[in-house]
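In what follows, a single structure is set out as structure tokens and then discussed.
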Amino acid sequence: MASLRLSYIILNFAIGIVIVFGQDVVYHTLEDAGEVRKVSQRYIGSVSTSAKLKELTGENDFTNLRYSFLTTGSQFTSLFFIDEKTSELYTAGFIDRETLCEYSPICVINLDIAAQSTIGSFFKKIKVAIYIDDLNDNSPKFAKELIHESISEAVLVGTSITIEGARDRDTSEQFSLQNYTVIGSSPSEKIPFNITFEKKLDGTSKVKLIVSQALNREEKDSYQLSIIASDGGITPQNGTLKVNITITDVNDNPPMFNKTSYNVTVKEDVNISTVILQLTAVDPDQGKNGQIFYGLSPHQSETILKLFSINNITGELSVEAPLIYVPGNQYGIIVEASDRGDQPLTSQTFVHVTILDAGNSKPTINVNVLSGADVSKISEFANIGAVVAHIAVKDSDTGLNGQVSCFLNNSNFELKSLEVNVSEFKVTVAQTLDRENQEIHYIKISCRDHGSPSLNTSEIFRVEVEDENDNTPIFSATKYAGNIRENNQIGEVIRQVTATDLDIGQNGQIRYYIPHAETSLFEVDSVTGVVRSTTVFDREKMKKISTVILAVDLGNPANTGTTELVVTIDDVNDETPKFTKSEFIFKISENLQTGKIVGRLTATDDDSGDNAKIVFSAYPPTPPTIPFVVLSDGVIKADRELDREDKNYYEFKVIASDLGFPSLNSSARVKITITDQNDNAPVISWPSKINNSVYISVKKETGSVITRVKAYDPDEGTNSVLTYYIENRNDSDIFELTHDTGELLLKSKLDPHIGKLFRFDIIVSDRGQVHKSSRTTLNVIVLSPVSSKQSNFVIVIVLVTITIILSAVIIMIICVLRKIDRNRQIKEKKLYADTKYDPSVGVFSLPSDESIEKKKKKEVSFSIDDDEQFHSDPLNISLKNNNISFDGKDFETHLKSQKNDDNNSINSGDTNASDSGKGGSDDESHGGRSSQSGLSRSQQKLWLDMQRTQNGELKTFPSQWKTLPNGQTVNKKLWLDQSQTGQLRFSPAISSSSQDIDIAIENKLQVWEIFCSLQKRLNNNMTSFISQSIQNLNQNESILKLIFLTKKKKKKFLNFGFIYTRFSHNLKF
């Protein structure tokens, strides 16, 4: 296969490949490289032959064809040459595929060549595609030759390091970058690294160096790697990157003593500070992780710490206090060696110090632990009698001095003499062993001779109990408590559970599980024990959930421990308080003291804590008209004394809000009915103190109703049911008063009692539980028929006389008042003409209350209800809804009320019980003058009402504009357009009889101050005058000050007030 590819390349290099598609031509040629650069022209092919032009033109025309490039001036035509006669195509320059078609896997150059006959009309455009085939003339190259990387020895397998890859300028699929390999400093070196790569479009690649095995700096702290990039040539070209990798240290090795235990013998007379032993430990870690610090374990007897000390740096063990020889006594010293890492690691060793008596000889002990090491190892399941070690004792003395007795100091083991040789012993298991209770046993063998004095010696060796899977994982708690908020995210951590196993190795490694039936709610990380949610919880559906968690060790067979996790679902404020009723109906009696409890609101909230705490309030806050307060605990109290007769029913809205954040609330309606108490006595309207007499004829028939006591009680129910009876009387039972209706009936004839007055003290009582009653007196006068007529005649004469006298007096008073009023008007006109407007003064000054009261005393009862409103609050008049309103009444109603008041106010009143009516007004008594004008008093008073409804001119307000400050003269009338905009505007109509209106205008902003005086002239014509003054306030708004002064009834002041409103440009009612 390789030889075929080489032959293909050589053939292409020599003659090219011609592919003809109809009359279009395709050539393949190799790029120039190496020594080919020296060739000036390289033959590609004959275009005419490839395009088969001879077949198209014939022999004669074919010889007259000339050939040329149509793409002259293109950057590619300069690279080629065509013979214009033969059409042979050659290269004309150096062709580098990587320059022409960088980053492209296929490189093609398109040329247009023209074939033209020199004598004929033949012309043909030939498209030529020249494919530049790639040569493997570029090798992969790295940007750097050497890089340095550092990796921690604790890095996980699979961790990758990204390295900038090599680039190969050859972009064809065959000769581009194909492969990476990584090797160590020697081909045979095994390295813990693999390599992967990913090619990019620009010829570069992304290379990842992957850790394939666990690293251990203590075994090898650096690697010298070579990353080789190869292309796809037959003989691949390579690029090499040197990578020096340094393995950084982590503190993963504790210091290790060179012995597991040390034995040293010291004479009792040794000097203080004498070094008795040099201990040495090594730590393969680096830096401070490998620096060793020696010390004595603080967890040993105070005697040891007082007698001995150790140099922290050198490990030299010294005597610090005098030693005393005690036969059979030996000191066991625990020495520690720690590194200086951030989390130091520590190891310990045992130093046995034997004190010798000066001049004595003692036995020697040889311990063989049977394991080929310094430690004897035995399973914790070992049976009693299992051999742990072999002991050989030697004493070079003879006789009793050479006879030796030995014993152990550990009750878990037993020393037995071998039958063959009494100086040899075996140490066996005497009790059941438990590694979790004690993993290492230090066994001290003491031997002494029988000499006098007896000499002894001892040896200590270590027995290590090997683990068996005899312990079940135990959780740190038999029951765990966890919390999670409702509406949680899936995967949210609830808490972590931990278990321990006293076993070691695989037997002590634990994995956590949740039984499959309970995994729909929780999941636990098998390694860390972190419990997470697998669903979204709703506290209102379940407040607590418990699940079982298993801890399983990796022993064989495995042991399992269990615990319970109780998860409390913490509340989120997602429930709205709910009233127990949508409508609370209460009843409370009137007249109870302030603060009386009306009732209590109740609501529930399924949340908990503050989210379930509910506070109640009125919404909106109760206005002053509502005599109740809603306390936060839902209690409704009356904040004032209640009067059912004033109002017997109240209704308002309340809300219940929780204390969560954000707070949620709901609403309900409260309806309170005020129940009645008998707190009102009956009110007797007749007979009254003013009129309590009844005249009856002596001819009144028996059984007829004389009169009826009229009374009522504002209470309700039985408290308002009335009973009538006579308390005192002087009629000898001639009359009878019905208890239910209050009718006074005649029981017997009145003939014997002509002219007599009967007096009745009448009591009207209600039927309440505690009765209330009222008293009145009724006089019944019995008249004869003749005396009655005479009496009526006298009454008529008296009344007519009084009426004539009063009328004369009233006419005189009216004339005097008219004269006084006319003089006052003349003075006022003069005063208004001389008055200039002062901007600092907001309103015209009004007559004082005192002066008005004095004038009222002189007047006959001409009273209008609104007069008090004008005087009490002149600003309480507003313009609203296109109607002038007086304290909530529209202007029309106001005028109508004035009409009714006027018709009933003068010379009106009841004459007697049988003849009542209204007196004639002044206008009515002077009907001649009213008829002359054609306007009645009612028509005069309703002039505004009539004209507004008819959308007509205000004929009683004719006005003419005088000369303005700018010299312009305007002649217009006021017009009220109520049907459309309700605006007071000017019409173009000209009034010849209008009065003057003084107007000043500045900057088109106006302040109107209108003083209107409506009066009745002697000729009964309705006239008016308007005095206006203008003051510019600001550029946004003006103030309309409208002052009404109405005069009527003989120049008597009835209304006097102000109206203030704001407007801009248009005057609106």
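Note: Cβ is positioned from N, Cα and C throughout, glycine not excepted.
Taken straight from TrEMBL:
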type     : residues : note
TRANSMEM : 7-30     : transmembrane segment
DOMAIN   : 65-142   : domain 'Cadherin'
DOMAIN   : 143-257  : domain 'Cadherin'
DOMAIN   : 258-365  : domain 'Cadherin'
DOMAIN   : 378-475  : domain 'Cadherin'
DOMAIN   : 476-579  : domain 'Cadherin'
DOMAIN   : 580-684  : domain 'Cadherin'
DOMAIN   : 688-793  : domain 'Cadherin'
TRANSMEM : 793-817  : transmembrane segment
REGION   : 894-939  : region 'Disordered'
COMPBIAS : 903-913  : compositional bias 'Polar residues'
COMPBIAS : 928-939  : compositional bias 'Low complexity'
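Secondary structure counts, DSSP: the domain 'Cadherin' (65-142) has 7 helix, 34 strand, 37 coil. The average pLDDT the prediction assigns to the domain 'Cadherin' (258-365) is 87.
With helix defined as DSSP H, G or I and strand as E or B, the domain 'Cadherin' (476-579) counts 7 helix, 47 strand, 50 coil. Under DSSP, the residues of the domain 'Cadherin' (688-793) split into helix, strand and coil as follows: 16 helix, 48 strand, 42 coil. Each residue of the domain 'Cadherin' (580-684) gets a DSSP state, and the totals for helix, strand and coil are 4 helix, 48 strand, 53 coil.
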